[in-house]
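Colleague: Mind having a look at this structure? Questions to follow.
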């Protein structure tokens, strides 16, 4: 996931133009933008609305309906904690409290160093091996508070080759 | 010849370090002068043994698990590549593992055995036989076969699949659609994910057969965004299927057409409801539609549409290849065939258990599951997802079939079985049911949108011992209003776990009154 904020209206227009002919194109367009930019910038709304012959309100309404879409840039990593029943039965509530305390943020917030955005998720389909979390696109199972701390250390350590 | 070693690549195996295990095995075996052929197979569904490493031997595949990266050296030392059983993680021949040997795998016959993306593997295990059979038949014949199998919708509603297909076949239109509901949002369920990650061609084949049966030329898999690996696997599998001629403008040279595309959801539980899903596919907010009209008559973009769950469509290739009777011979009463049960939550041996209808929860949870992971006594089990009842021990001996469960106000749903030990606070679970509905309600109807918020508040008051009796009465009334007045199952079934907690675990709502809440 590229969280670069360096986007230009032309880049948005190109993503929109590539997909606007699909039937029911709005969700594919929003996914493409968020995959590329990390979020859906406000400036994208009129461009999408124009391309799909919809009102800005309609486009905004769709963005705000779905939990997955965000309108502000996330941190370098997005960490989702499963809050659903199967994970609850093996300690997800304790893990959630631990994660919030460790990171010093609540759900939908980003750590001050912009490294980690914390989100809730309702089921990752790893229900026999919970508690489960998702870090960007990878799922981790049987996450203890200690394993969570180790993960956070790992995420906050930037290998040299990734810099720049 | 190098030895074939299998390390699964499904989400669960990966979540427990399978990639690291695979890399280490390859490196260390090479260093010892035994180059191996590493196969990244699907999972066998024995989640508690993941990563489950298998080795080919002259007498079949031998299993080792759960293998942590730090076990690799000792396993190789003990003779893993020869199938030695001296290491404590050695499980012997894979097929003889009791948990697997006792199952009736019809739909999941191939998972874990094959490389999910290998079309040759798929063909070698009866893949595309159902489609080839369907291509020789008239649409009505295919529909009759599915009707005769007794297959009912595996998403939870249990509507007869063949009858749904008949409606779509009988409705004339310039365009029809097959939509696969892969928005597997119920906690405790992962069978759809396993099918898609471990045997994607089965779903693709099932959808192509459905297309032939109802004369639909376009299919969509509506996949939840929480399953990034399934998206990758399906996209790749669809591309390879097109290349092999089983999808596209000329299926196997027959002149028939079927195109397929994966569309991602965006984190909305409600989009598992079929009309909300269709709205989402059309690029709108996932608001539930009024029914009628049925999606089979006016579905996606207003056209006749088959909306089926992953497992319903995945059962179809077997039915077409082996015949309806082979499928219908399993099961009990009006629940024919097999049910993919998923043992989840606080369970010692969690995983996928495919069995004919009719087994009991106790058999599942004790004989397969081995009790709780924590080792404490089991107290409650939620079967069928967050909209289904919590069942106390007195209900663990009913046979699992749609009708028996419906009689006691419970549901089989999508087959998820979430186990809880005796540390569970059922009042807290009841509160969560309402909270979940509050987060996920589409907002179209008032009982669901407002009722869920009020439900959280009322349960909070009861738990705080604030005017308890009056608030308990209010909660019962609220539940009734939501059940009777909601537009769809979200608001209409959210009260089921709440009511079952109140009925079977009333003490948990008394804790504050008794002064034992910390």
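Start at 1 and count along the chain as shown; that gives each residue its number.
Positions of Cβ are set from backbone N, Cα and C atoms, glycine also.
All TrEMBL annotations are machine predictions without curation.
Relevant sequence annotations retrieved from TrEMBL are reproduced here:
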BINDING   A:82, A:87, A:123, A:127  [2Fe-2S] cluster binding site
Colleague: Through the lens of DSSP with three states only, how would you label residue A:87 ([2Fe-2S] cluster binding site)?
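Modeller: For residue A:87 ([2Fe-2S] cluster binding site) - judged by DSSP and reduced to three states - the answer is helix.
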Colleague: Can you count the other CB atoms that lie within 10 A of the CB of residue A:123 ([2Fe-2S] cluster binding site)?
Modeller: 29
Colleague: With Cβ-Cβ distance below 8 Å and at least 6 positions apart along the chain, what are the contacts of residue A:87 ([2Fe-2S] cluster binding site)? List them in sequence order.
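Modeller: The list for residue A:87 ([2Fe-2S] cluster binding site) reads A:95, A:127, A:130, A:131, A:132, given in order along the sequence.
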Colleague: Long-range same-chain neighbours of residue A:82 ([2Fe-2S] cluster binding site), Cβ under 8 Å, sequence gap at least 6?
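Modeller: Same-chain residues close to residue A:82 ([2Fe-2S] cluster binding site) (Cβ under 8 Å, separated by 6 or more) are A:92, A:121, A:122, A:123, A:124, A:126, A:130, A:131, A:132, A:133, A:134.
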Colleague: Quick one: give me the count of other CB atoms within 10 A of the CB of residue A:127 ([2Fe-2S] cluster binding site).
Modeller: 33
Colleague: Reduce the DSSP letter at residue A:82 ([2Fe-2S] cluster binding site) to three states and note it down.
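Modeller: Its secondary structure by DSSP: strand.
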